[in-house]
Amino acid sequence: MDDDGLLINFEVGEGPIKPQIKFTGGRWRERNRLQRSVKRGLTGSQSNDAVADDVGPAPAKRQRLSEGAAPEIQRRFRPQAQGPRSQHVSSRLFTSNPTPVTNFDEPETAPAEEPAEPALPSNAPLSDEAATFAALGLSRRIAQHLSAKLELKAPTAIQHRAVPHLVTTDEDAFLQAQTGSGKTLAYLLPIVNRILALNQNEDGTISKDASKKIHRNSGLLAIVLAPTRELCKQIATVLEKLLRCAPWIVSTTVIGGESKHSEKARIRKGINILIATPGRLKDHLDNTKVLDVSLARWLILDEGDRMMEMGFMDDLKEIVSKMREAPLKKINPDGIQLEPALPTRRVTVLCSATLDHAQVRRLGEYSLEADKTELIKVDGTEAAKEGDEASEAVFAAPSQLKQSYLVVPAKLRLVTLIALLKSSFARRGSVMKAIIFISCADSVDFHFDLLRSPIKEPKEAAAPPTPKKAPKDAGETPDTPPKETKPTKPVTNHTESTVGKACYITSAANTTITLHKLHGSLAQPVRTATLDSFSKSKDPSILITTDISSRGLDVPAVDLVIEYDPAFAVADHVHRIGRTARAGRPGKAVLFLQPGSEEGYVGLLQKNASTALTPQLYDSVLQAGFSSNIDLPPVTATNEDGQDTEQQKQLDSRKQTWTSRAEALQLHLEQRLLASDASSQASNNSGKGFNSKKGASTKLGKPAPKSSDGATGTLLASGRQAFRSHIRAYATHVRDERVYFDMTQLHLGHMAKAFGLREAPGGIGAGVQRRTVKPSAANGGGKKSTKGDDGDGLDKQDDDEAERTRRMKKMMRMVGAGASEFNIG
């Protein structure tokens with residue numbers, strides 16, 4: 001017994017001891033508020049496993065403190081009040097993630113039948129010996145040019161079906177075939193062949209009589225309309241190569257973003273084939289008197305269904321009505337009889353990889369004649385010709401295209417994307433070019449800046465002033481003072497803000513990977529230069545883009561397409577994955593989906609897919625991508641010479657697993673965003689906002705150069721803006737697909753992790769600032785563009801803003817405002 005003669009034993013369980021905190025002093029209201037906040041914090045910590053684990057088991061016996069114990073020891077065991085939470089809290093990547101619905105172990109998730117041999121390409125040229133261009137009814141001059149100069153030995157299935165019909169008849173036609181099957185040549189070859197026939201003698205030779213020869217002043221004979229500027233440029237390139245066998249036939253383009261004065265000058269000189277976007281063509285028909293369509297025999301609507309979706313229906317109606325108002329002339333100004341070589345009526349051709357019955361009916365109401373319309377459809381290896389009914393199903397992708405989908409939680413999206421790119425470019429020559437489709441322009445800008453190396457490259461052209469040329473006259477000596485010369489204009493680099501070297505995804509095999517970005521808010525010269533750089537790049541390259549690049553673009557050697565954000569409609573998905581596996585080449589397409597309701601989206605895609613979509617979990621991609629070291633760039637520009645000690649520990653992979661590497665990479669990305677904001681505030685206190693006009697700084701702590709879209713700001717501000725735009729874009733799926741992309745099931749905090757943010761920013765429904773393109777040298781001119789100058793699109797500013805605006809108007813009740821940054825083209 002003790003000295004007082006009483007001993008009481010209390011049994012205390014092994015559970016954690018709840019700290020009892022009592023506040024003294026101050027006002028009663030303040031003490032009560034603190035007491036309630038601490039109580040809420042303790043309750044939340046008990047429900048959180050990660051925090052509950054930090055509270056150890058109760059000790060076997062309470063430690064006794066003597067009366068003379070040091071104050072430091074007494075304070076150590078005294079319960080302390082819980083302080084304010086840290087401003088930046090980083091959650092773990094592999095905890096609290098939703099469970100996928102797909103069972104990856106079931107054999108039903110795999111393709112039903114594994115073919116013993118690879119699938120034969122469905123959009124490749126025909127191998128039949130009889131299938132030659134000469135057998136299609138084309139002239140010998142064109143057939144020889146295709147085989148000798150363009151190296152095209154045989155036509156594709158759609159060309160084999162469409163060219164004879166358009167050469168011999170004057171009927172309207174629908175051309176429906178898989179992506180990459182040669183639909184452009186399917187309508188260009190008949191046009192050039194029939195125009196060329198005006199210059200031919202009866203024996204097929206070219207007439208030498210100048211009075212019977214077609215030239216640029218013979219009149220406009222064909223008009224080709226396309227929804228985007230990039231597609232118009234591509235069609236013009238194909239037509240230019242084709243017309244090398246007939247250089248007297250002249251073509252040109254009129255598109256938004258270019259100088260209307262220059263376009264009018266080209267039209268005034270004379271053209272035979274015009275390639276245009278609907279808005280700009282309507283503008284010229286209203287204001288350019290020299291543009292005469294009375295001789296036009298063809299109206300081609302390339303991706304016509306897309307033009308209607310983008311809101312060009314009113315423009316198309318006015319174009320068709322103006323062409324019908326002009327009486328069709330049979331003799332051109334030179335007195336050449338156009339018939340019967342050319343059609344006796346205006347022929348309208350609609351071509352696309354996706355056509356449904358509703359769109360055909362809507363377009364046919366005002367542009368086609370029902371009794372003179374032919375549907376020419378090629379489905380895979382089987383060619384079918386149907387007259388009255390159009391299939392309502394979305395057209396299938398090429399059979400040689402390998403499709404798969406990744407089930408990735410929201411928190412792991414960013415690191416999984418980097419791991420997929422790193423593993424895809426791990427071997428030299430494995431993937432030369434890849435395209436990443438993202439939903440909105442702000443997200444494209446952010447991911448480009450994040451994956452772009454922060455280390456500035458030395459300028460190649462940093463040479464001293466150009467030396468003076470040697471004197472040409474014999475009497476001159478080096479001591480003779482040089483003659484005054486006019487200062488040369490500096491060469492504008494349009495790709496300075498859209499092309500750069502990639503980081504995180506390089507390997508020993510591919511030490512240099514070029515990164516590109518493309519969206520509709522960029523100026524037209526920048527868009528053209530960026531696409532040209534990506535197409536002609538000989539190094540491994542990646543293009544981060546919106547849906548502006550999903551239709552019609554034919555970029556060589558694209559082996560991988562990544563849909564980082566799912567398409568807004570199934571038809572858009574078909575066109576996205578159609579950027580690879582073109583003209584018989586193999587290709588691979590990967591779709592990112594989140595666990596839960598989004599997994600049901602696969603069933604919708606599988607209905608009309610020619611091949612099965614293979615499911616894949618994110619862990620296999622992370623293991624393949626993070627099996628080796630990750631080259632982390634410096635967080636700030638002040639640390640370019642070497643990494644921090646903490647990052648050096650992260651790079652030591654001898655004891656690291658793929659999970660720890662993924663978490664280290666995510667932590668590095670978050671620190672990089674925070675460092676960009678901190679360095680910006682330290683360099684200039686006035687440049688705090690994303691849209692600050694003065695004093696804005698980059699993630700490297702240096703003054704931020706104005707990008708092609710006129711925006712400046714830190715990487716952290718860019719990530720927040722990209723997050724807001726992504727959430728708004730998530731709500732714009734078509735009605736039939738919203739059951740799979742449910743806003744109520746989207747975890748905003750986890751999604752913020754995919755943008756390198758540690759918490760979800762607010763202001764999602766408060767509207768966005770409209771992008772403005774300021775006149776600069778990088779934008780291709782000094783004149784300020786107005787709505788009337790562009791003439792392309794609903795607001796005559798961007799040809800791709802119309803569709804996003806239309807869809808966002810439907811969602812204004814949910815998100816609160818329209819969004820102009822969703823430029824998908």
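Think of each number as a place in line: the chain as shown, counted from 1.
Placed from the backbone N, Cα and C atoms, the Cβ positions cover glycine too.
Residues or ranges marked as region 'Disordered' by Swiss-Prot: 21-125 (among others).
Sequence annotations record features per position, and here Swiss-Prot assigns compositional bias 'Low complexity' to 49-60 (among others).
Residues annotated as compositional bias 'Polar residues' in Swiss-Prot: 83-102.
Per Swiss-Prot, compositional bias 'Low complexity' is recorded for 109-125 (among others).
The motif 'Q motif' annotation in Swiss-Prot covers 131-160.
The domain 'Helicase ATP-binding' annotation in Swiss-Prot covers 164-373, and the record cites sequence analysis as its basis.
What Swiss-Prot lists as ATP binding site is A177, Q178, T179, G180, S181, G182, K183, T184. Take the CB of Q178 (ATP binding site) and look out to 10 A: across all protein chains shown you find 28 other CB atoms.
Annotated motif 'DEAD box' per Swiss-Prot: 302-305, in sequence order. DSSP states for the motif 'DEAD box' (302-305), grouped as helix (H, G, I), strand (E, B) and coil, give 2 helix, 1 strand, 1 coil.
If you look up Swiss-Prot, you'll see 457-495 (among others) marked as region 'Disordered'.
Sequence annotations record features per position, and here Swiss-Prot assigns compositional bias 'Basic and acidic residues' to 470-487 (among others).
The region 'Disordered' feature in Swiss-Prot is assigned to 632-657 (among others).
The feature compositional bias 'Basic and acidic residues' is assigned by Swiss-Prot to 646-655 (among others).
Positions annotated as compositional bias 'Low complexity' by Swiss-Prot: 676-686 (among others).
Residues annotated as region 'Disordered' in Swiss-Prot: 676-713 (among others).
Per Swiss-Prot, region 'Disordered' is recorded for 764-825 (among others).
Annotation source Swiss-Prot lists compositional bias 'Basic and acidic residues' at 786-796 (among others).
Around T179 (ATP binding site), taking its Cβ as the centre, 27 other Cβ atoms fall within 10 Å, counting all chains. Ranking the binding-site residues S181, T184 by other CB atoms within 10 A of the CB puts T184 at the bottom. Long-range Cβ neighbours of K183 (ATP binding site) (same chain, at least 6 residues apart, Cβ-Cβ under 8 Å): I158, L175, A177, D302, C351, S352, A353. A177 (ATP binding site) counts 27 other C-beta atoms within 10 Å of its own C-beta, drawing on all protein chains shown. Per-residue confidence over the domain 'Helicase ATP-binding' (164-373) averages 87 (mean pLDDT, predicted model).
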